[in-house]
């Protein structure tokens, strides 16, 4: 017999593309598991970039599981949320009314029974809504990195009630990086440095270079394996890693912004998107980078080191780029597309705490988001 | 300006030896940090094996920091708790009255403002007290493995309100193994297998053997480095690893006991403590084991593998002993005294989630206990 439900978590999901759809599926399939643990997730609304589907009565009910399942199928097929009208006890609102309906729900539920705004979109546009929700006492769970990597004031506002925000999946997908760093900090063990390989793509590329392969060939192979963005320069430029680095730096208390991070791009501006098309970059641009990369790899090797594309957050600031690391360190031993993070602190001084594993993928990212939601349950417990 | 205190966590500490003393020091030194986070830990009582020092009025005050600091110094110098009488607003009770005073505090505070019983002892004797405390609505934080590795019914009782118990430091000290596995399970990602090297001593010994050194010499070296217990057979027998394995197995839902775990001892019963003294074991016993160990290491090496002393928790049960692992796996690459844990699940199927780092030491273990205590704060928040 399942335990009596002690905690109900009403959720509004912003963004129902890849990660968001997986999250809804996980929520539905985990119902029996969560019931056993005395917790229930009530999805009261789901929004995409243009509209919001919301339960008729957010106080007492959510969108039912059949509707959520249909919603996943519709979004996977490229249909808009409006295609679901008439499928259940719900209403559809277009922007900008959609936004005010989310605020209505936040006002009604935020301080009383709690409301979790889950951002699985990939846009800056959610920031003002999230900040308003914080004012209404809501919780925030983010897979979207952008709200935390804009203006420092936005970050500060979003984390102002630190027990009410989770953002594990912004760094290393479901890997317990933020949770572990937060635990270490809370125990009074000051984190002195975090070094990480936080791009599966660049991790793969750099480890393949050790075997003497050409940079251009390895990047094309990575693209054919689906590891890169459609334009690999979106990976090679390092901005995605820099966003993760900024989140970690801010978590450690650094009041910095993207401008303060040195980001080394693996291609020069002459081969950038403004100057060269994706096709030309792949056909003739990449090969121009082979020689200098080969020289760097060889130079590192002569010192017993290998090259990794890492972020490094220390007391002196935050850097993102190529770094020589010992062959037999956790970073140096990395192969394939796994992420790895090394955390140094008083307790992990000479030998770091290392966390390694798959750091991308809709399934894994959504699992991290769901664990974050569940982690909020004690804030809204019905009874002690 | 620190945030207003939103959560007060009254704590009774059982066991103020190494880990317990470090915990009290951490609690005192973290006061400003925790005040900034709106949380305060109130140590209302500290017990050793014979007596309990308890605040005059557990409702409104705790033992003050000066007294806690004196207490650490007294225990470090080998003095009993009674040496502290007259040092502050506190009372001293000897067993068995001490026990009933803890229950009094649990009865008064458990359901209302919360009370956390923190067990840093190394005895089975605390189990009945902890079970009673659960009945009174108290939270439990354990560094002590024994309450979780006795009768299955005891484990079941202690974890019956799973949000009110933490036991990170029972496995791998402060390494986030339990927290990470719990996150993965909560996200509906079923853990299929955990493989770990959870003894720093045996990790060191097995990795040193790869260089062709003799088993007897490596064990003696480990002893001289302070890695082993005074009698190294306490490590070589594998029982400490087996207790950690049992905790992980039970966390994964296996209803098993120590009797159900195959534990491979690295010494035969003819060389056990009943037959041979510690001195004789070190002088002449150990060397008898060199040849067979050398053969096993060589056989593994011929297959590209290395030997590790691991626990393996899978669907087929739980084993503890020597295992051949690929040289280039996380376990195979392990050097020195770090612990490493590989967690396999749907999301971490071909390539596991790996957590690695120092898995022993009073400082690290106490830091893990403190993080566990802080993690309970949302259960006793004053206001939403």
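Glycine too: its Cβ is placed from the backbone N, Cα and C atoms.
In TrEMBL, annotation is done automatically, which means it is predicted and not curated.
Pulled from TrEMBL:
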type     : residues                           : note
BINDING  : B:15, B:16, B:17, B:18, B:19, B:20 : NADP(+) binding site
DOMAIN   : B:15-163                           : domain 'Aspartate/homoserine dehydrogenase NAD-binding'
BINDING  : B:145                              : NADPH binding site
DOMAIN   : B:176-374                          : domain 'Homoserine dehydrogenase catalytic'
BINDING  : B:229                              : L-homoserine binding site
ACT_SITE : B:244                              : active site, proton donor
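Shown on the structure are the features that TrEMBL records.
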residue	record	DSSP class
B:15	NADP(+) binding site	coil
B:20	NADP(+) binding site	helix
B:145	NADPH binding site	coil
B:229	L-homoserine binding site	coil
B:244	active site, proton donor	helix
Worksheet item: What other residues of this chain sit with their CB within 8 A of the center of the CB atoms of B:15, B:16, B:17, B:18, B:19, B:20, the recorded NADP(+) site?
Response: B:21, B:22, B:23, B:75, B:120, B:121, B:362
Worksheet item: When you tally the Cβ atoms that lie within 10 Å of each candidate's Cβ, which of the binding-site residues (B:15, B:17, B:20) has the highest tally?
Response: B:20
Worksheet, complete the sentence: Check: min Cα-Cα distance from residue B:15 (NADP(+) binding site) over recorded positions B:145, B:229, B:244 goes to B:145
Worksheet item: Do you know offhand how many angstrom separate residue B:17 (NADP(+) binding site) and the residue listed as 'NADPH binding site' by C-alpha?
Response: 15
Worksheet item: What average pLDDT is reported by the model for the domain 'Aspartate/homoserine dehydrogenase NAD-binding' (B:15-163)?
Response: 93
Worksheet item: How big is the gap, in Å, between the Cα of residue B:20 (NADP(+) binding site) and that of residue B:229 (L-homoserine binding site), rounded to a whole number?
Response: 19
Worksheet item: In terms of Cα spacing, which of the binding-site residues B:16, B:18, B:19, B:229 are within 10 angstroms of residue B:145 (NADPH binding site)?
Response: none
Discussion item. Rank the binding-site residues B:16, B:19 by how many other Cβ atoms lie within 10 Å of each Cβ and give me the one with the fewest.
Written reply: B:16
Item to complete: Compute the C-alpha separation of residue B:229 (L-homoserine binding site) from residue B:244 (active site, proton donor), stating it in Å without decimals.
Response: 17
Worksheet item: Within the chain of the residue listed as 'active site, proton donor', which residues six or more apart in sequence place their C-beta under 8 angstroms from its C-beta?
Response: B:145, B:170, B:171, B:172, B:196, B:198, B:311
Practice prompt. Counting other Cβ atoms within 10 Å, pick out the least crowded of the binding-site residues B:145, B:229.
Written response: B:229
Worksheet item: Around residue B:18 (NADP(+) binding site), how many other C-beta atoms are within 10 angstroms of its C-beta?
Response: 18
